[in-house]
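Asks: Here it is, the structure, as structure tokens.
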Amino acid sequence: MTNLAAPTTSNHSADPGSEQAVTLTASLSGLELRQRRQLIGDHGLCRSSPHPEHWWPEHPKNVSPIQRRAYAARLCANCPVIGHCLQYAVAADERHGIWGGQSEEQRRAVRSLLRHLDATASTAAPDLELRDDHSPGRPDH
């Protein structure tokens, strides 16, 4: 499985996950999804926003999509669980709202890239093993 680095912040030491690097993967176990969702609910800055409509495009309330994404991205940029939030949204295939400072279009591109990298890695692995078996200095059998 291919991993990509997700954004993290380290200026919120009160958050148990803020000091750890987060990697993006295409999937998480059910337990991992629940843990990430709980972490987001406990520590995400969006939970206390006076404007939750900025994260949910289906409730625009006179806010343009560009304004909504920009506002959410700014608020998410300081969130102590931004990487965990993005990982959750990618793995859970969240199709609505802003998660980890990313729109659905942006998350769809991340999922597509992860699938492409996984497919590339799985087809390249046999070639790497073959080269290892015939590396210089090893006698052929």
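All positions are counted from 1 along the displayed chain.
Backbone N, Cα and C define each Cβ position, glycine as well.
Remember, TrEMBL labels are computer predictions, not curated facts.
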Asks: Would you please say which range out of 1-20, 41-60 has the annotation region 'Disordered' in TrEMBL?
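Replies: Going through 1-20, 41-60 one by one, TrEMBL gives region 'Disordered' for 1-20.
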Asks: Among the binding-site residues CYS46, CYS79, CYS85, which residue has its Cβ surrounded by the fewest other Cβ atoms within 10 Å?
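Replies: Taking CYS46, CYS79, CYS85 as the binding-site residues, the minimal 10 Å Cβ count falls on CYS46.
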Asks: DSSP on the domain '4Fe-4S Wbl-type' (45-109): how many residues come out helix, how many strand, how many coil?
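Replies: In the domain '4Fe-4S Wbl-type' (45-109), the DSSP-based counts are 37 helix, 2 strand, 26 coil.
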